[in-house]
Amino acid sequence: MRLIPLKTAQQVSKWAAKHIVDRINTFAPTAERPFVLGLPTGGTPLQTYKELIKLYQAEEVSFKYVVTFNMDEYVGLPKEHPESYHSFMYNNFFNHIDIQPQNINILDGNTDDHDEECRRYEEKIKSYGKINLFMGGVGVDGHIAFNEPASSLASRTRIKTLTEDTLIANSRFFDNDVTKVPKYALTIGVATLLDAEEVMLLVTGHNKALALQAGVEGNVNHFWTISALQLHRHAIFVCDEPATQELKVKTVKYFTELEQRAIHSVLD
């Protein structure tokens, strides 16, 4: 496990974007051998997408041979709805880079057969071998994608009922009206995430501090989905200072010294 303790959320976004670009460029993708990138939605990764767009515009990276898989999508929300994850991804990222439309994969929450859609999604991921890098965020309760507390750590892509806490948290995108938030979503599973070659979680803000503590210092258990990343060979937590408030001082000190070069790469 790696923990990259930075000062601000802006530094987290810059570090994450640079890491993604470095991974893509080192991989040197082609049409026959694309780089497979897993992506989240939500407020935390928004600035990272802006940084990636800047790097693309500066001609430091191309997404022409990048294949993407998104983590989740609401059930029953039309794709053209401004708060659908289809709309989010196109408005905030895909419309601004050179990714090929056929390389974009987002779960269809409006299909008549949700189980078949989830099975198809898993098979599509497998057809590429693996996801090379999966970027994600984390909820205040430690959930990743829509794998809420008590989700099976062996779970695969499936339909999930959203918790009351998640409905309340997401109501800020729906005029602060909980009744407008879809009650169900299609989501990748915890095991789907763990199958990725590398997982990078962005953790920012004091309200995520308990989740980060559970992920780094806590025991692996299904009430804290984030803790499953302790089982992953290449997991990276990129966090700002407020998110480290619940970690032991010696934990932060250890990773600050260990990742000194990585930290300074975004500060220089």
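Indices start at 1 and increase along the chain as displayed.
Glycine is treated like the rest: Cβ placed from N, Cα and C.
What Swiss-Prot annotates here:
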ACT_SITE  Asp72  active site, proton acceptor
ACT_SITE  Asp141  active site, for ring-opening step
ACT_SITE  His143  active site, proton acceptor
ACT_SITE  Glu148  active site, for ring-opening step
SITE      Ser151  site 'Part of the allosteric site'
SITE      Arg158  site 'Part of the allosteric site'
SITE      Lys160  site 'Part of the allosteric site'
SITE      Thr161  site 'Part of the allosteric site'
SITE      Tyr254  site 'Part of the allosteric site'
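Overlay of Swiss-Prot annotations on the structure.
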residue: Asp72; record: active site, proton acceptor; Cβ within 10 Å: 22
residue: Asp141; record: active site, for ring-opening step; Cβ within 10 Å: 19
residue: His143; record: active site, proton acceptor; Cβ within 10 Å: 26
residue: Glu148; record: active site, for ring-opening step; Cβ within 10 Å: 22
residue: Ser151; record: site 'Part of the allosteric site'; Cβ within 10 Å: 21
residue: Arg158; record: site 'Part of the allosteric site'; Cβ within 10 Å: 22
residue: Lys160; record: site 'Part of the allosteric site'; Cβ within 10 Å: 22
residue: Thr161; record: site 'Part of the allosteric site'; Cβ within 10 Å: 12
residue: Tyr254; record: site 'Part of the allosteric site'; Cβ within 10 Å: 14
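In sequence order, the active-site residues near Ser151 (site 'Part of the allosteric site') (Cα within 10 Å of its Cα) are His143, drawn from Asp72, Asp141, His143.
Within 10 Å of Glu148 (active site, for ring-opening step), counting C-alpha to C-alpha distances, fall the following of the recorded positions Asp72, Thr161, Tyr254: Thr161. Looking only at the recorded positions Asp141, His143, Arg158, Tyr254, the one with its C-alpha closest to Asp72 (active site, proton acceptor) is Arg158. On a Cα basis, His143 (active site, proton acceptor) lies 15 Å away from Arg158 (site 'Part of the allosteric site').
The Cα of Lys160 (site 'Part of the allosteric site') lies closest to that of His143, out of the recorded positions Asp141, His143, Tyr254.
Taking CA atoms as the reference points, Thr161 (site 'Part of the allosteric site') and His143 (active site, proton acceptor) are 13 Å apart. Calculated from their C-alpha atoms, the gap between Tyr254 (site 'Part of the allosteric site') and Asp141 (active site, for ring-opening step) amounts to 25 Å. In the three-state DSSP scheme, Lys160 (site 'Part of the allosteric site') is classed as strand.
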